[in-house]
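Copied over from TrEMBL:
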TRANSMEM  A:12-32  transmembrane segment
TRANSMEM  A:64-81  transmembrane segment
TRANSMEM  A:93-113  transmembrane segment
TRANSMEM  A:133-157  transmembrane segment
TRANSMEM  A:169-188  transmembrane segment
TRANSMEM  A:194-212  transmembrane segment
TRANSMEM  A:219-237  transmembrane segment
TRANSMEM  A:243-262  transmembrane segment
C-alpha cells in the first residue's frame, strides 16, 4: 500500500527530521562549495568519531552536546592554525583529518569494542526522537538567521579576501563563525545521517543547484528544493526496500545532480 | 621625498618594510602622494608590488608607517577603494553581476533575493562606468575589461580617498586599457582621489601617471 508508512510514528518522525534537516544541509552546502570547503566539511564530519570517543572516555552517554563543544573548538583551532602556517589549507586539513580519525579509532577500539559504534558510520534516521527534531528545528532557525547576517560577507570572501577586507568584512570571524555553525549542525545530525554520508548530504544538493542557478537566490532555493525532494524520496523508498535511508537520500541527490548536468548540456 | 609638505590631503608612506619570517619582501619603501595624483608602481614579478598594496590595506603586518591626511586632519582613517588583480570564483559560479555588486555595497542579504531599493543602488553603482547592461550576467560570463569596470564601480562606492589598483592591465586588450587609464585619470581630478596603480604596462601608463616608481629585485 502506498501510504502504509504513514501508520508508523517512527516514519513520521524520520520524515519530519529529514524535512527540517534538508534545508539546513542545502543552505550550508551553498557556502561550503562557494568557499571550497568540501574537504573541510569532511574533516569535521569524521572528527565526530573523536568527539564520541572522548565523550566515552568521560563516561558521557549522549555525546551530541559534548561533540558540539569538541567540534566548535576544533573549528576555531583549524582556522587559527591556518592563519599561522605557510602550509596550504589542504595540507593542514589533511593532517588534522589523519590525527582525529586515528585518535577516535584508537580510543573506541579499546578492548575490541569498535563494533558498538558502527551505527555512527551510516546513521539511523528512524530512531530520531522528538527532542532531536526540536533541536534540528532550532538549528534551521539559527542557520537562516546566520545567513541573513553573514552570507554577503562569506560570498565576498569567496571571491576575493582582500576586497572583502576593504569592504569592512572581518574575514577571520566570518570564516570561524561559519565553521562553528557547521560543527553544531554536524554534531546534532551525525547520529541521524552518519559519518560516511553527512558530507554528501551537504555537498550534493548545492552542487546540483550550481549547475542550474543563474544567481545566488536561485542557487540557494534550488539547493533547498533538491535537498528536500531527495530526502523525502530517500526516506520513503528506504522504508519499502529496507535499506539505509541516508545513503538512499544521497543516491537520489546524485541522480538529480546527473540530471541537472545532462539537462544543461541538452538545453544549452 | 619625505620632506615634502602635505597641506590638504595626502598619503605618506615611510620606511615600509614587509618580512615573511626571514624573507624581506618590501624594504624601506617611501612614498608621498598628494590628492589628484596618480602613482604607477612598475617592476618585474616577485618584487613585492602586490605585497605593498596588501600592507597599505593593513592585510599583512609591516614595519614603518603609513599616514594619511584627509581634508586637513592628520591620521584620519581614509576610505580605501581597492581593485584586486585576481578574483577566485569558478567559471560556473552562480553569482550574477548584481549579486556581486550587492554583496559588496550592502548588508542586505542577497540570498533571499534583491529588493527594488537595493536593485536601484546596484544600478546606480554600475551606471558610473556604463556597465548596467551586465547586471543579469553571471560573473564567469563577462570579459576581463568588463570585470575591471565592475570592480572600479564597487571601489568608487562610496568615493574613496585613496584608490589602489593591482594590475588592472591583466586580461584587458590595449584599446580597452587606454580607455581604462583615461577613466582612472579623470576620476582623480573629479573626486580628489590619490591613486596607486601597480602595473606591467609602463608604456601605456606613462602618459597618465604623475610619478612612476620602479620596484626591483634586491641585489
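A Cβ is built for glycine as well, from the same backbone N, Cα and C atoms used for every other residue.
Where the annotation comes from TrEMBL, it is an automatic prediction and has not been curated.
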Folded-back contacts onto the transmembrane segment (A:12-32), same chain, C-beta under 8 angstroms, at least six residues removed: 6, 38, 40-41, 125-126, 128-130, 132-133, 136-137, 139-140, 143-144, 147, 151, 154-155, 158, 178, 181-182, 185, 189, 192-193, 201-207, 209, 216, 219-220, 223-224, 226-228, 230-232, 234-236, 245, 249
Two-stretch contact, the transmembrane segment (A:194-212) and the transmembrane segment (A:243-262), at least three Cβ pairs under 8 Å: yes
Which residues of the same chain, at least 6 past either end of the transmembrane segment (A:64-81), have a Cβ under 8 Å from a Cβ in it? 40, 43-44, 47-48, 50-52, 54-55, 58, 92-93, 96, 100, 135, 172, 175-176, 179-180, 182-184, 186-188, 190-191
Taking a Cβ cut-off under 8 Å, which residues six or more beyond the ends of the transmembrane segment (A:169-188) line up next to it in the same chain? 24-25, 28, 31-32, 35, 40-41, 44-45, 48, 51, 64-65, 67-68, 70-72, 74-76, 78-79, 83, 132, 135-136, 139, 142-143, 146, 150, 153-154, 156-157, 161, 198
Distal contacts, the transmembrane segment (A:243-262) - CB-CB under 8 A, six or more residues away: 14, 18, 122-126, 192-194, 197, 200-201, 204-205, 207-209, 211-212, 226-227, 229-231, 233-235, 237
